[in-house]
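Chemist: Heads up, here are the entries from TrEMBL:
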- A:Lys78: active site, charge relay system (ACT_SITE)
- A:Ser159: active site, charge relay system (ACT_SITE)
- A:Ser183: active site, acyl-ester intermediate (ACT_SITE)
- A:24-471: domain 'Amidase' (DOMAIN)
Amino acid sequence: MLTKLTLTEARAGLAARKFSARDLAKAHLDAIDRLNPKLNAYITVVPEQDVLTAADAADARYAAGTARPMEGLPVGVKDLFCTKGIKTTAASKILANFIPPYESTVTARLLDAGSLFVGKTNLDEFAMGSANITSAYGAVLNPWQRKGDEATALVPGGSSGGSAAAVAAGLALAATGTDTGGSIRQPAAFCGIVGLKPTYGRCSRWGTIAYASSLDQAGPMTRTVADAGLMLEAMAGFDEKDSTCSNRPVPAFAQAVGKSIKGLRVGIPAEYRAPGLSPEISAMWEQGIAWLRDAGCEIVDVSLPHTKYGLATYYIIAPAECSSNLARYDGIRFGERKDAATLDGIYEATRAAGFGEEVRSRILMGTYVLSAGYYDAYYLKAQKVRTLIKRDFVEAFEKVDVLLTPTAPSAAFAQGENMADPVQMYLNDIFTVPASMAGVPALSVPVGLDSKGLPLGLQIIGRHFDEETVLSVGGALEAAAGFAHTPTLHAEAGA
Amino acid sequence: MSLDLATTRRIAKLARIGLADAELETVRQKLDGILGWFNQLSEVDVEGVPPMVGTEMEALRQRDDVVTDGNCQAAVLSNAPEKSGPFYAVPKVVE
Amino acid sequence: MSYIIEGKTGNWEIVVGLEVHAQIISQSKLFSGSSTTFGAEPNTQVSLVDAAFPGMLPVLNKECVAQAVRTGLGLNARINLQSRFDRKNYFYADLPQGYQISQFEFPIVGEGTIEIELPGGETRQIGITRLHMEQDAGKLLHDQDPARSFVDLNRSGVALMEIVSEPDIRAPEEAGAYLRKLRQILRYLGTCDGNMDEGSMRADVNVSVRKAGEPFRTRCEIKNVNSIRFVMQAIEAEAARQVEIWENGGEVDQETRLFDPARGETRTMRSKEDAHDYRYFPDPDLLPLVIEQDWVDSLKAALPELPDAKRARFQQEYGVTFYDAGVLVAEQSVADYFETVAKGRDGKLAVTWVTGDLFAAMNRMGRTIENCPVSAQALGKMLDLIADGTINGKIAKDVFEDMVETGESPDAIVEKKGLKQVTDTGVIDAAIDSVMTKNADKVDEYRSGKDKLFGFFVGQVMKETKGKANPALVNEALKTKLNG
């Protein structure tokens with residue numbers, strides 16, 4: 001049962017010496033061995049010897065009574081965080097053999113808290129995607145299967161699809177994700193786990209490969225809301241190396257879970273009742289509203305009038321930033337180079353061969369919206385609409401404490417679905433993007449299964465830097481829903 | 001406005017992504033479709049609305065003028081596809 | 001002053017604006033903690049931020065902001081309490097990020113002015129459009145390998161100020177005067193060392209020509225000119241080229257050009273991008289820069305005295321001429337030297353010595369004020385010896401040369417060589433008697449009305465006393481004796 005534990009349970013088991021960190025590590029390495037060839041959740045697995053050495057050190061700390069909050073807990077790291085001496089690819093060919101000589105701030109903090117890294121999880125190339133199909137190292141398979149249609153391969157969501165699949169299938173107790181427009185929350189919902197995008201500025205971006213700098217935010221992907229709080233405590237905090245990182249103190253997030261939510265006002269944004277929303281999602285949302293009302297919350301109808309413009313705004317701003325952020329992948333100082341006779345020839349060949357199709361598209365789109373003659377019509381306009389989207393949230397939070405919405409407009413879809421029309425694919429982010437644009441924290445909690453047996457998630461959005469209230473409400477929702485399902489493909493399945 | 005092939009080529013050149021003509025047309029169609037979808041923003045009245053820069057949560061911090069970094073030539077060159085002694089190397093650039 | 005090109009179709013005037021890139025004096029780079037020292041081993045003063053490794057982020061250096069504000073204040077310019085960093089996107093091997101962080105839309109410093117002085121003492125105001133901070137690029141080395149260029153990122157990320165002038169300059173000499181004055185102000189402020197040969201100050205020159213009274217015509221930008229002389233030459237060459245094009249019925253293309261000093265001409269530069277489209281946008285890794293008026297005020301209060309103010313004060317306090325004061329304040333070290341010499345002494349005498357004998361000696365020896373063997377204190381002491389009558393002006397010349405050669409103090413030299421002025425009237429009388437005896441015929445001529453011979457007697461007496469006699473006493477005694 002070691003691969004089904006929550007972080008909290010595993011920490012307690014280790015502290016009580018019910019099992020050793022070495023046992024725990026071995027169980028996970030074994031699960032990865034058996035399942036990763038099928039799931040493709042990890043791009044790189046840390047060599048067994050290194051993991052076991054670290055596990056032994058963790059056992060020594062438990063024995064000595066000096067164990068830290070995440071001591072010996074096997075964690076997957078999205079392959080977007082630079083890890084010192086461990087290959088970091090961003091799921092791109094262009095970084096196929098990149099070995100960072102530095103450790104990202106977030107992973108350094110996790111290591112300082114005692115975490116045991118077992119591998120680098122797969123993702124959409126440079127975190128650009130909502131289905132984890134754009135990775136240069138192959139698509140990730142969702143461990144969940146449709147009832148009666150087990151043969152159809154489902155996507156895990158994206159971009160943190162490898163992290164979500166790994167946590168859902170028992171290949172890690174928890175994993176890091178990054179969220180730019182929904183990349184933690186949507187795969188968490190698709191894989192039946194908890195995913196938290198903290199407030200922009202809560203976690204340092206230093207050492208995390210950038211997609212869209214004004215939106216990127218690291219966060220935990222876990223099995224429970226309490227675990228998300230525990231892990232965020234280890235990840236968050238001031239970093240003088242990131243000018244956009246907040247120097248607010250880090251609260252004891254895990255303690256927020258279980259706090260009474262009686263009297264809290266929960267807003268239901270009218271605009272999220274988008275036409276065409278699936279009846280099953282709609283019903284699950286109504287159920288969530290009922291649970292929170294039962295828990296003593298006051299349900300309030302609110303309006304976020306600019307919601308419908310969130311996606312278009314996002315798909316202008318994020319590509320604009322990415323077109324500039326990804327200029328450094330030029331084959332000169334690191335990464336894969338394609339040789340040519342001239343400098344420009346190297347750039348063009350390297351970047352054409354090194355970037356996959358979706359990344360190339362977004363770079364080109366971003367280049368276009370920033371170029372002379374189009375800047376005002378696209379980029380500047382989008383930044384103004386972004387102001388309006390943020391104002392919507394600020395005004396709504398004058399009336400309510402949190403917002404409750406679905407996380408995604410559907411359950412996990414099949415590989416190959418939604419692929420023909422890029423706009424159709426972008427619609428996956430419709431409920432997650434607005435919170436990203438505003439920079440507010442948002443949590444996805446698994447609350448039930450649809451008629452095909454696939455998990456569905458609800459999203460709780462809170463005020464800037466008020467992750468605590470978000471976690472409290474998420475904890476209550478989790479308790480009411482009692483989601484205890486595991487996917488078909490799981491380390492313990494049949495065991 | 002509709003995206004033409006010449007503009008697509010110019011954008012690809014600006015972004016230094018070498019695309020063959022056939023690929024350019026595919027890209028043009030894809031981008032053109034998305035650009036059409038962006039037109040929905042024209043209905044938003046942004047008169048007097050300032051553009052959002054960053055997420056407006058913090059003021060820009062400034063650090064003290066102290067040498068705290070550098071002196072790591074080996075790390076700087078550690079991943080270079082081509083180097084020569086202490087330098088990165090590129091094909092001869094004519095100025 | 002007017003600089004006119006006489007063409008076939010009439011007279012042309014030139015219109016010039018300058019964009020000066022000045023390296024900010026700071027210990028560490030604009031957005032990273034690596035050192036800015038010039039001349040280090042390749043790629044040693046480089047952090048992973050400067051080399052733009054994945055996930056690296058910029059953090060602004062406060063001292064660079066202070067230096068930019070100080071410079072703005074020194075240029076009498078508006079300081080913008082809110083400014084912003086933007087990315088200027090282009091690909092080049094010396095630009096690791098693929099963009100330069102610069103201030104495009106909202107610079108930290110707005111409009112200001114520089115007063116330049118032209119030969120003949122005429123002054124002109126040249127407008128400053130703006131000053132902004134930006135990152136320097138790395139360096140490409142082309143001469144190390146036949147097929148490859150090498151990249152050294154030591155300069156990558158060093159802080160620059162770009163100081164943009166209005167198109168107010170109308171002559172090559174004015175461009176020279178502007179650059180000298182700007183460099184002088186930067187050096188006084190300590191915000192840039194102004195060393196053009198090390199590349200810490202370089203200029204882009206915008207040149208156009210027009211007939212009197214016309215609106216502006218198309219301009220060309222001449223990039224990266226690295227000496228004041230070349231700037232002046234480049235303007236002449238470029239203006240002449242443009243006049244020729246216009247007069248032959250052609251059109252001047254707006255383009256970027258390079259100045260080739262060897263040929264004395266400008267030529268089209270291969271542009272960094274075929275089409276310039278830098279796609280500026282606010283750097284999302286940084287937030288808008290907000291500074292406080294109180295901080296600006298405190299920087300202002302701590303500014304050193306600037307050349308124009310110092311010049312006026314020197315005129316007033318030390319009674320030196322406008323011209324001499326200009327010479328003295330040209331370099332702060334000279335001004336400081338002068339002021340040490342002149343303080344509490346005869347300012348006019350001090351300026352004569354500093355700009356006369358001292359400058360001559362330094363020229364002769366190829367030395368600068370910083371390594372001059374005669375300290376300001378020593379020269380001041382020498383003026384004291386003149387003032388209190390210990391030595392006379394003529395002996396002082398010898399003492400000074402001795403000081404230059406030996407570096408010894410004037411007292412020691414006077415003592416050692418026995419140069420103390422003779423004021424003993426007995427000694428002087430004896431010398432006069434001796435001279436009159438030896439030149440009895442000349443005494444007779446003088447007494448019969450040849451007054452001009454008085455100077456001859458003074459000279460002879462001084463010679464008799466080895467130059468040490470007090471000239472006033474000699475005069476007095478001679479008059480008495482010759483007339484007696």
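Yeah, the Cβs are placed from backbone N, Cα and C, and that goes for glycine too.
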Chemist: Specify the count of other C-beta atoms within 10 Å of the C-beta of the residue listed as 'active site, acyl-ester intermediate'.
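Modeler: The residue listed as 'active site, acyl-ester intermediate' is surrounded by 37 other Cβ atoms within 10 Å.
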Chemist: Give me the CA-CA distance between A:Ser159 (active site, charge relay system) and A:Ser183 (active site, acyl-ester intermediate), in Å, as a whole number.
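Modeler: Here the two Cα atoms are 5 Å apart.
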Chemist: May I ask which residues of the same chain, at least 6 positions away in sequence, place their Cβ under 8 angstroms from the Cβ of A:Lys78 (active site, charge relay system)?
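Modeler: For A:Lys78 (active site, charge relay system), the qualifying residues are A:Lys120, A:Thr121, A:Leu123, A:Ser160, A:Gly162, A:Ser163, A:Ala175, A:Thr176, A:Gly177, A:Thr178.
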Chemist: Per DSSP, A:Lys78 (active site, charge relay system) is which: helix, strand or coil?
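Modeler: Looking at the DSSP assignment, A:Lys78 (active site, charge relay system) belongs to a strand.
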Chemist: Return the count of C-beta atoms lying within 10 angstroms of the C-beta of A:Ser159 (active site, charge relay system), excluding that atom itself.
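Modeler: Summing over all protein chains shown, A:Ser159 (active site, charge relay system) has 35 other Cβ atoms within 10 Å.
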Chemist: According to DSSP, does A:Ser159 (active site, charge relay system) fall in a helix, a strand, or coil?
Modeler: coil
Chemist: Along the domain 'Amidase' (A:24-471), what average pLDDT does this model show?
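Modeler: The predicted confidence over the domain 'Amidase' (A:24-471), as a mean pLDDT, is 96.
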Chemist: Which of the three DSSP-derived classes (helix, strand, coil) applies to the residue listed as 'active site, acyl-ester intermediate'?
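Modeler: Going by the DSSP assignment, the residue listed as 'active site, acyl-ester intermediate' belongs to neither helix nor strand, so it counts as coil.
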